[in-house]
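Student: First, the structure itself, so that you have it in front of you.
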């Protein structure tokens, strides 16, 4: 008969093996989900390739970019002349020639091209080669101002109409729209002008009938779709343009749209059978890095200033901030540390924004500290760094903002500082957006990831097929020598649920910061739970555990709306009940070693602190 100790030993062995199997099952389930998503993407890609092949075989081959890459069209000579003599360029970038030719042939087209790929040229050049004018719809007045400044420097006649335009200016533009001898080639308006101005629509109709309106360009076309990252209701009214003016060519442009968003936007704009040209998302010269944001604001600013005055000394850059207030404060702090910085945000006077933009373009300012209002349409080629003072509200925004670096195809760095508190500041801002929280969590997941190639993560988001080996160690994760393991954090998640339930029983709500304080045995004693030990981990690690639990839906956000602010609280999430199952395990990827072993892609890829020691750029311990 077996002894009790022997049976106990075997029981422990079986329990241990079952626990290991549970972890493997969870990992396999997660992998299955990833593979099913990738299978769906690949199936759609194969279907599209088969449709393209069938179209080519039937002679209907104008859907392929290759059909538009020739230089023997009737307009090719004029196109080449304008490219060289007006835009001062010797050659086209990928897909520019194809898009210009399709537009000149009066085809409707959607162009998906990375930030910095040269989308604006694809409608500006055809406008100069046509007899009439092209109407350009842009979401931001600041974007239109930036575009006009560049066009004026090139000697191109362009203007804009907005709510602040004087009656005299509006009257002058309306006259030019009908003048066959006018040199006006581009008229920029916001979508509100189309949706709400009957007078302007009447003028457009007369211009169309007179053969003066030759094209429409819808910039940031993803704004049409409620599934896009920056949905704007007035964009939905733009379908009237193709219905009223069927013979014009319409081009929709974006750097950040998934296939689902593109299809939705095409339907809204009444161009469901348009051509779609998609450039590769990859910018091989950009180095992507995520860093933990220092807890001290003073240390953080000093950290950024050391980078700018050291590695990036004399080099041009952009710093993106969460709010207008942040951008102003960061600018002042950097100026005190010897950085030639200027602020840029939408609430500034137009002449002040233009002044900052002009000074930065002329390298009189080294850095622009800005909100998202800055950058769309910016064509400064030698931006060597884009620093995010806080993360973007979505992967689409981050891809677009970081893409303003390195347009000259030389190496540039994209450094994102990721902080726990930023998640909930941004969440409170996007909660009213249709998919705002979902897109924010995708961004957070990107920041939390400590092992997967950054380009692979971006590719996965945009439904691209990507081989991580092609990164060429141009991201922080691909530069790491660290090995990783799955750490069981089930007990930590159970502790969080107990604290939240105790608060709920007291009819109290906990903000993320109060939850951490209660977990660490700080703050109000009423939130501390008997039997929940204070974890022997630094606060930074506890923050990452909470974020992981939030992303995995063991926790969820709840909001309280006041007259002055939207406040984020944490509550028990929909998957929390699983934590009471004995076999259920929550795991999180961590470094196997506590020592940093970051191998830089270049000598510049590691930050050097004030004492000359290399700091790790790893996000999670």
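Even glycines carry a Cβ here, placed using N, Cα and C.
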Student: Using only what Swiss-Prot says about Zn(2+) binding by 471, 475, 478, identify which of 447, 453 is listed for that site too.
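Tutor: Only hit among 447, 453 in Swiss-Prot's Zn(2+) site, alongside 471, 475, 478: 453.
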Student: Where Swiss-Prot marks phosphoserine, which residue is it, choosing among 64, 602?
Tutor: 602
Student: Choose the correct range: of 219-222, 223-226, 227-230, 231-234, which one does Swiss-Prot annotate as motif 'DEVH box'? Give that range.
Tutor: 219-222
Student: Run through the Cβ atoms and count how many others sit within 10 Å of the one on residue 475 (Zn(2+) binding site).
Tutor: 25
Student: Cβ within 8 Å of the Zn(2+) site centroid (453, 471, 475, 478 excluded): which residues?
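Tutor: After dropping the recorded site residues, what remains is 288, 454, 455, 456, 468, 472, 473, 474, 476, 477, 479.
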Student: Determine, to the nearest whole angstrom, how far the Cα atom of residue 113 (ATP binding site) is from the Cα atom of residue 522 (N6-acetyllysine).
Tutor: 50
Student: With helix taken as DSSP H, G or I, strand as E or B and everything else coil, how many residues of the motif 'DEVH box' (219-222) land in each class?
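Tutor: So the counts come to 2 helix, 1 strand, 1 coil.
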Student: Taking only the recorded positions 453, 471, 478, 514, which one has a CA atom nearest to the CA atom of residue 118 (ATP binding site)?
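Tutor: In terms of Cα distance, residue 118 (ATP binding site) lies closest to 471.
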Student: What other residues of this chain sit with their CB within 8 A of the center of the CB atoms of 113, 114, 115, 116, 117, 118, 119, 120, the recorded ATP site?
Tutor: 93, 255, 279, 403
Student: Fewest neighbouring Cβ atoms within 10 Å: which of the recorded positions 119, 514, 522?
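Tutor: Minimum Cβ neighbour count within 10 Å, taken over the recorded positions 119, 514, 522, occurs at 522.
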Student: Please name which of the recorded positions listed here, 453, 471, 478, 514, 522, is nearest in space to residue 119 (ATP binding site), Cα against Cα.
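Tutor: Closest by Cα: 471.
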Student: Report, in whole Å, the straight Cα-to-Cα distance of residue 478 (Zn(2+) binding site) from residue 117 (ATP binding site).
Tutor: 25
